[in-house]
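Trainee: So Swiss-Prot says this about it:
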type	residues	note
ACT_SITE	Asp339	active site, 4-aspartylphosphate intermediate
BINDING	Asp532, Asp536	Mg(2+) binding site
TRANSMEM	33-53	transmembrane segment
TRANSMEM	55-75	transmembrane segment
TRANSMEM	94-114	transmembrane segment
TRANSMEM	260-280	transmembrane segment
TRANSMEM	291-311	transmembrane segment
TRANSMEM	587-607	transmembrane segment
Amino acid sequence: MTALYPAVEPAPAARPARPRSGGWLWTVPSVRWAAAALALFLTGLAAQLLGAPQAVVWTLYLACYVVGGWEPAWVGVRALRNRTLDVDLLMIVAAIGAATIGQVFDGALLIVIFATSGALEDVATTRTERSVRGLLDLAPEHATLLGDGSQRVVAAADLRPGDVIVVRPGERISADGTVIGGASEVDQSSITGEPLPAAKDVGDDVFAGTVNGSGALRVEVTREPSQTVVARIVAMVTEASATKATTQLFIEKIEQRYSAGVVVATLALLTVPLMFGADLRSTLLRAMTFMIVASPCAVVLATMPPLLSAIANASRHGVLVKSAVAMERLADTDVVVLDKTGTLTAGEPVISRVTVLIDGADVLGMAAAAEQFSEHPLGRAIVAAARGRVVPEAGDFTALPGRGVRARVAGHVVEVVSPAAYAGENAAVREHCAAIENDGGTAVVVLEDGLPVGVIGLADRLRPDAPAAVMQLAQLTKHPPMLLTGDNRRAAGRLAEEAGIADVHAELLPDGKAAAVQKLQRDNTHVLVVGDGVNDAPAMAAAHTSIAMGRAGADLTVQTADVVTIRDELATVPAVIALARRARRVVIANLVMAGAAITTLVLWDLFGQLPLPLGVAGHEGSTILVALNGLRLLSNRAWISPGATPT
């Protein structure tokens, strides 16, 4: 017998660990430019205080202008070419205006604070990206490939589905796959956020980037390197970061008109007093101050940093929010609709009984052959129960959403359907189905060429965290969750009672689920649908927003859903809703903070004497505070651990 992991040549040097210090900050270009501008400003200030010649002082301050202002100026000019008015350009014009009246110090201060504010924005964005992209560094670059009784070290990027790799104790797993040998416990916290290691045995799935425990494993690769869970997490969050929230789109829509209004008001503040003989210097100074403090920099930053930080935080805990719009919509949730199998239950049903109606019929074998391409948990349970026996090949496979499956097996049309989809009058079939359902199980009828040959009973178990999750959802939404299922009324009612759900709608086809969701939403109720099967996709598409239980979820469901959970816990649903609501509160707080700062500074400038340096500090300071406030949602404290009470 071949050892699980015989001696093997040492792996090439691994990639260097990413530094944990703040050294990465210097990789952000805007940080370097802001630091250089600050250095020039401080040097100019020192020269001014020491009585250096004016030419030297001006040279240093103007150099600060160039270093700190060239990039926003270029961005503003390009925007102007596209007939849009960028806030950055207003800041540069104000700084130049200050220099023209001899206030080069104030203009340089504006440039430094503005450059620092922009650098902090970029740091916020980069930190959000790094918090997600850092997951890619968890996956090792090399793997130990097993083949023909020997082992060799290969690049993890060269692994393909079907390859078998060896994972030693303490090593990181280099690919997504299924355990085919050995047993261990795996630390999956980097992917799913689960705090405790998960036991892994033959048949269990493992993910790239997770850490093997004390046992050795043989793993059959099941996904291409670009399609691993960790790679898809990064891809999804990157795509989400490129989207814009509804609030942000509205802000950007009015920003152009508002900015144009600021320019018009600035020109009016400059020209009207001059027409009545006002002093040029003081009038220009007031107008420039107005342009600075009225600019909507903080308002523009109020929305996206909190939402993107929340998306990054959720991804670290095994929940992928596909867009900023989805994060906003999660916060709107009024009612949560749950599927049963694979959502409220563990999605791992087992065969409880097999009844043969025709002597000699291989009921389980026929059903397993027809179900071998099915993604439904009941189908997978039937296939798993037939493991170890010879199952014939099936062709012409057709999924019948909400009803069952059909396939051609050994020249016969075999169907595995729900009792509701069985149109026959066989009394024995009805009797056996009723007995299974009375016990709280789920029955399926096996047909061969239209004739019933057997009945299979399956039983599923409630997720351990389901009752607590249902209670949390009711507390969050102020409305008890609803259960929509295609299963029989007895089984659905029994399970719903265990979970604490009173509103149960059973024996629904996919279009029936969608119709129920649409009915709920007619009175402007925002419905969140949580499901995992193909038959949940229509209801998800009809809902305000949707979550797919992605670990066992069907591909169509995962594609349709706005949110995908990798962590196999129903408690992540109230947790991500609570995070979305916290993000919304931060957005509102940011908008109030930004609006209050702009209003206060504008009124002070119009009806008082607002010094330019104070206006600059107040305006840019509020912008920085808004950006930093959004970054708070990157903290693990912002995520409510499953089991905690959401607010």
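Cβ from N, Cα, C; glycine included.
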Trainee: Hey, what's the Cβ neighbour count for Asp532 (Mg(2+) binding site) at 10 Å?
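Mentor: Its Cβ shell of radius 10 Å holds 28 other Cβ atoms.
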Trainee: By the count of other Cβ atoms within 10 Å, pick out the sparsest of the recorded positions Asp339, Asp536.
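Mentor: Least crowded of the recorded positions Asp339, Asp536, by Cβ count within 10 Å, is Asp339.
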Trainee: Distance check, please: Cα of Asp339 (active site, 4-aspartylphosphate intermediate) against Cα of Asp536 (Mg(2+) binding site), rounded to an integer number of angstrom.
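Mentor: Distance (Cα to Cα, whole Å): 7 Å.
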